[in-house]
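If you check Swiss-Prot, you get these features:
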type     : residues : note
TRANSMEM : 4-24     : transmembrane segment
TRANSMEM : 29-49    : transmembrane segment
TRANSMEM : 74-94    : transmembrane segment
TRANSMEM : 104-124  : transmembrane segment
TRANSMEM : 166-186  : transmembrane segment
DOMAIN   : 198-283  : domain 'RCK C-terminal 1'
DOMAIN   : 285-369  : domain 'RCK C-terminal 2'
TRANSMEM : 379-399  : transmembrane segment
TRANSMEM : 411-433  : transmembrane segment
TRANSMEM : 447-467  : transmembrane segment
TRANSMEM : 472-492  : transmembrane segment
TRANSMEM : 501-521  : transmembrane segment
TRANSMEM : 538-558  : transmembrane segment
Amino acid sequence: MSSVAITICILSLVASLGLWLGNIKIRGVGLSIGGVLFGGIIISHIMNLPTVASFMQQKNIVLDSQTLYFVQEFGLILFVYTIGIQVGPGFFASLRSSGLKLNAFAALIVLLGGLCSVILYYLFSIPLPAILGILSGAVTNTPSLGAGKQIIAELGGEQMTELMGMGYAIAYPFGIIGVLLAMWLIRLIFKIRPERELQFFDKEQQRQKGLAGINIRITNPNINNILLREIPDYDLNTVIYSRLKRNDELIIPHPNTTLYLNDILHLVGNKKSLNKMQIILGEEAGHEPLNSGDSPIKNERAVVTNEQVCGKKLAQLQIQSQYDVVISRINRAGVELIPSDEMALQFGDVLHLVGRQKNIATVLSLIGNAQQKLQQVQMLPVFIGIGLGVLLGSIPIYLPGFPVALKLGLAGGPLVVALVLARIGSIGKLYWFMPPSANLALREIGIVLFLSVIGIHAGEHFFSTLLSKDGFSWICYGAIITLLPLLIAGIIARYYSKMNYLTICGLLAGAMTDTPALAFANAIQENNGASVLAYATVYPLTTFLRIMLPQLIAVLLWAAH
């Protein structure tokens, strides 16, 4: 049996044991994917026991170091790339309004964690690889560990990277528990009732909801007997006129449709734009879409799956003028958008269509609406994206005063490229849409491979370090790095910014890129969308900062000696 085959068998054993450990939960909290790390540590520890090591030597059972290295790096690449593809479209949209505040708090948590690490490093003379590993474990961030190992190796400390894995593993358990503890302490300090927080959040969401619909009866005599396109601000594309009801007849309005008093228009847009149009046109006549029992006008949702229309602007497709169908709104990666002539369609866009059933059917055949295509993965863009990400990660970034160039590395490069490509959506016939199930599968495979190798490398000396004086100290250092930044940011967010508690919980989980903590935050109050929204908003920027932070710390502290 070759060393490569033996290595793959051992990795499979580690992954199986680790995933089983991760599924064990105590009061709803478990190691989750972090169990793979401890599966690797256990297997590695057993393999290094004198009797087992002697037996393996006799039977010539050895692990192939090159295979382990490749599996570790490729697993990391898969993990960060799929994260970028998943959150890319929503990330740029989330940077508006409240997203800026949330990301500022997330950046504060990251920077405070780095500051705590540097202070502990100088106070207690902790080895540099160890404090970087403790930092990564304390914030439960695997890409951070990968970036730290890479920069330490490039600085000439490749032999010391094992310390990083041990520091990561020792600090990791409290990294998970510490986030939950911070959420509980903030709730206790401010005497918060989660059910009231959910009510406040729901009210705020209704007030700020992206797009809404309204019926407006034309009572302004200045609008009587003019064309739809002559309405003030029509060309700004801030609202969509999806239906017109005249007496008992329901029709699709066109730019050249003549308007009369007592006509009722159904408009779609943000609340500010709708209020403005109400002042111009007349009085509100309800919010429900206009319907008539025997009307042929229907509405339907359809998904863009035809590669021929991906990347084409709505002006080129002329859907309203040719097919008498209105696109009232477009849902892209969970973000609702007002259609405009200059907007280009992307694979996976969900269109809200209004028109006659026969005309809608024609539009459906044009845009695709093939649900099975949403389950297919186009592999060519995946490898193009990974290749571009690795190239970007290899470009040196020279900063004044730094002895070596920084790099985005194998963790940062693919992440940045994936975010950008997911935002672009498609180039020609290449589209970067990935079905959620496929994305999750690749992401889980990547993180399992990476953590399996990290665990194997860390396992040889893990238990001896854990049971030593250093082991207990490292746990304490990790607890400080975990808890202090979270409490400071959480208290500031609540006391000064009056941030919703459920949003704070999502912020803390996202700033630590901690999925188990998000699950805990969701369990605080059922049907809680606040935590998920905050988590998704800060996750991409946090991951990027977590990747860059250990590199900055490593270069600065290495140069200081």
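Here the Cβ of each residue, glycine as well, is placed from N, Cα and C on the backbone.
Listed by sequence, the residues of this chain that lie at least six past the ends of the transmembrane segment (411-433) yet keep a Cβ under 8 A from its Cβ atoms are 76-77, 80-89, 91-92, 143-144, 146-147, 150, 307, 310-311, 333, 344, 346-348, 374, 378, 380-381, 384-386, 388-395, 540, 543-544, 547-548.
Only pairs six or more apart in sequence are counted, and the transmembrane segment (29-49) with the transmembrane segment (379-399) gives fewer than three Cβ pairs under 8 Å, not enough to call it a contact.
Counting same-chain residues at least six beyond the ends of the transmembrane segment (501-521), those with a Cβ under 8 angstroms from any Cβ of the stretch are 28-33, 102, 105-106, 109-110, 139-141, 175-176, 179-180, 182-183, 186-187, 190, 192, 194, 197-198, 201, 482, 486, 489-490, 493-494, 528, 530-539, 542-543, 546.
Ranked by the number of CB pairs under 8 Å to the transmembrane segment (472-492), the listed stretches 4-24, 166-186, 379-399, 538-558 are led by 166-186. Away from its own ends, the transmembrane segment (4-24) comes close to residues 30-40, 42-43, 47, 61-64, 67-68, 71, 448-449, 451-453, 455-456 of its chain (Cβ-Cβ under 8 Å, at least six residues beyond either end). If you average pLDDT over the domain 'RCK C-terminal 1' (198-283) in this model, you get 87. Sequence-remote contacts of a segment are chain residues at least 6 beyond its ends whose Cβ falls under 8 Å from one of its Cβ atoms, and for the transmembrane segment (166-186) they are 29, 31-32, 34, 37-38, 41, 129-140, 145, 192, 454-455, 458, 461-462, 465-466, 471, 474-475, 477-479, 481-483, 486-487, 490-491, 494, 501, 504-505, 508-509, 512, 514, 516-517, 520-521, 524.
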